[in-house]
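Sequence annotations record features per position, and here TrEMBL assigns transmembrane segment to 125-147, 167-185, 215-234, 240-260, 346-367, 387-407, 428-448, 511-532, 556-575.
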Amino acid sequence: MDISSSPPIVGGGEEEEEAMLLLETETPTHSNDVVPDSVDFYGRPVLRSNSGRWRSASLIICVEIAERFAYYGINSNLINYLTGPLGQSTAAAAENVNAWSGTASLTPLLGALVADSFLGRYRTIVFASLFYILGLGLLTLSAVFPFFSSSNCQTTDNADACSPPRLQVVLFFFSLYLVAVAQGGHKPCVQAFGADQFDPLDPIECKARSSFFNWWYFGMCGGNIVTISVLNYIQDNFNWGLGFGIPCVVMCLALVIFWFGTLTYRFSSRCDKISPFVRIGMVFNKAVRNWLATSVVTSIEETRVQCHQDSQENRFLNKALLAPDDHSAEDGQISKINDVEAAKGLLRLVPIWASCLIYAIVFAQAFTLFTKQAVTMDRSITPSFRIPSAALQSFINVSIVIFIPIYEQILVPIARTITGTPSGITKLQRVGTGIFLSVLTMAIAALVEKKRLEIAREYGSADVPNATVPMTIWWLVPQYLLIGISDAFTMVGLQEFFYDQVPREFRSIGLSLYLSIFGVGSFLSSFLIFVVEKTTGGKGEDGWISDNLNKGHLDYFYWLLCGVSALGFMTYLYFTRRYVYAHCGKVI
């Protein structure tokens, strides 16, 4: 048996044989309590009563909370670090934040490939955590150079004096992207590994697994509230090195917690020694090759699939079930039906994936332009205390933490009685609701920004770059709260959808596909900002996204996003109406 998520027993020769015999004698004999398709750390069948479920999943959720604490400790305030200590323009900083965020959301595709094909989820999580700690350590080092002073960049008008040494900039971005790579191995595997602790064939555990995605996101966002409210204050008012160093310590503790639960985890067993990625790649290769071939013969597998009513979508992949006329159907020149169906399942996800990209563009604004808006507004609570501009992002998490229990305990039971669906509404209906709310979010953001610009002109602040507009920061709270509720619908729905709609051995890649939506969306946001900056500015005039937001027209940009989001929502509805859910590997 090849264990995809647990490390093999180290040894060789007679010692290894003796170890295997010892493990066989210790294998549980209670067959009724054995979890199918799962083994423990040592490769033995596991008992339902003493493995997995909420006991193990809770530890894994704690690890995810720590990882999100570290990630948002960087991401939430990164635009202020780039425009402050590193002296970048608002547009350039927004583009860099989006580029890094996009990379961090795309690297899970590589992480899933490594996990599902080589290391397994457990070992991938361990190695990714070590890289995470290294990246955060170097990031801390880059912020505490002895010749570095963030106050210079915030008080001087001399751009050269504001620019940090090149070595420091190189070290900073190297560390930043090392964290992005580490997140690529961590993010898809931790959530898939957590969901693997529940047996989908057991009715009670299957229901618990559905709740797992809700409480996973609840715990993650609860941790983010502390991150944004505490770390951002430390970064803005004390020291950036300390603000980056604390997440490094937290990730060390997370790795220790993860190790503690090793003997209670359930690991997926894999009987096929060929990587699932290789098998799917072979399906596409053989389908194209046979499509171009002048002569092929119908194999037994092709005859069977022609009668398989679940296989009518993407029928061109059935060509992988044909055998070239100079080969027999038994010499490995044809793919298996299960591999072809898995390839079709992945292709069926592409339209849903593409239609959610607009939502990702909207979501990216909460960590870039929303934050720069807050910098220009009155953030005073007392004469001596000002709210960090990035701290308003905590309202996203506050709304999620409040809304998810309401959704889980009140809305789902009500919807269940109406629809008869165990989850209340379908996964795609949940995602669609969030996308619709994102359209409203951008409309509200545009109206608030219009009001802010009117007040800036009224009080003569338009021509003063660093002027504080006499408008309280609390005006921004509604757009943060609404995008948080939208997030609770869309994010959780996408996580469960991409986990559930792929074969078991592809669940890491399923979750990485969900994450890649926000990676590509961040790059598209960066590109859109670049285009808007170039087309609306120039010849000495300020564009929509100006370094002096009081002279720009950020409200126009938000209305543009509102309109594009509305078109994206209509596109999403079109594709979801044509989608047929798959359950346990079969289309229903």
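Any Cβ shown, glycine's included, is placed from N, Cα and C.
Three or more CB pairs closer than 8 A are found between the transmembrane segment (387-407) and the transmembrane segment (215-234), so contact between the two stretches is assigned (pairs 6 or more residues apart). Panel annotation: around the transmembrane segment (346-367), residues 75-76, 78-79, 97-98, 101, 280, 313-314, 317, 393, 396, 428, 431, 434-435, 438, 441-442, 445, 480, 483, 486-487, 490, 494, 497-498, 501-502, 506, 509-510, 513, 516-518, 520-522, 524-525, 528, 558, 561, 564-565, 567-569, 571-572, 574-576, 578-580, 582 of the same chain, lying at least six beyond its termini, place a Cβ under 8 Å from a Cβ of the stretch. Outside the transmembrane segment (556-575), and at least 6 residues removed from its termini, the chain residues within Cβ reach (under 8 Å) are 351-352, 355-359, 361-362, 365, 369, 431-432, 435-436, 438-439, 442-443, 445-446, 449, 532, 536, 544-545.
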